[in-house]
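The annotation transmembrane segment is assigned in TrEMBL to 34-56, 83-101, 107-132, 202-222, 228-252, 264-288. Marked as domain 'Cationic amino acid transporter C-terminal' by TrEMBL: 267-290.
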Amino acid sequence: MMVAVVIVGIVPYFAMDPDTPISSAFAKHGMQWAMYVVTSGAVLALCSTLMGSLLPQPRILMTMARDGLLPSFFSDVNKHTQVPVKGTIVAGICAAALAFFMDVSQLAGMVSVGTLLAFTIVAVSILILRYVPPEEVPLSSSRRESMGLNQEYDEEKGRDPLGDDICDTSQIKDLIATEAMKDPLLEKQHKGKMDEMKRRKIAAFSIGSVCLGVLVLTASASATWLPFLPLCIGCIVGGVLLIPGLVVLCCIDQDDGRHSFGHSGGFMCPFVPFLPVVCILINTYLLINL
């Protein structure tokens, strides 16, 4: 803010160079050394930004590959440097190819599209995790190894010095199942499970309706080349899909394990689902009109 005030005070805003406003302002007053300092600082800042963007990308690819979302090629780590060399090389080649074959304005548009798309995916993911979180969560390789070691330790602890098991696990399971059949609360728990499944189906259908309604509404509102009647019909259809889905999400309960995948507890945010839906609506409109 203060830099803009100083530059406008040095040179009128209509006389500035739109590409290099700060350095050109110093150059018009004969301060060539300041122009070189500002230009060098801008180049170094761009280099640091590029390095900060390129270095985390191989780590992201490595994590995704370890979770099974990408080929195992990206999960290889160099034994000496402990760096994902293959992912770094692939990310560098892709970035260099994009910078060589595309214009700067096109790359800036791609950055904006990627940012808006990431925000949209996060907003949709919040709705999914709040209402229909996954039953099972994939574990990383290190977590699986630690759990395997703990299981082996428990098995060794459950044996006596002679090597015999202290108790038969199958007999314990049969005993638990028999006792559960005699429990009078079993039927009530089963009914609660059925209600939970029904709630999850309604929530999933409502989230899909909201996303489809946002897409239809923003696409119709952006299609200014259409005649007035089809434009109104598209907006009405999008609103009919969006508003009932949002009302249903406001009325039904959120998942009890909304923060820790099955473990109860957590803060009930009063802005869900309004804030994620507003973010999806705005980001989708900007993506279509970018």
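In case you wondered, yes, glycine gets a Cβ from its N, Cα and C as well.
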Per Cβ pairs under 8 Å, the stretch of 34-56, 83-101, 107-132, 202-222 packing most closely against the transmembrane segment (228-252): 202-222
Candidate ranges 34-56, 83-101, 107-132 - greatest C-beta contact count to the transmembrane segment (202-222) (under 8 angstroms): 107-132
Long-range neighbours of the transmembrane segment (107-132), counting only residues six or more past its ends (CB under 8 A): 98-99, 200, 203-204, 206-207, 210-211, 249, 252, 254-255, 258, 269, 272-273, 276-277, 279-280, 283-284, 286-287, 290
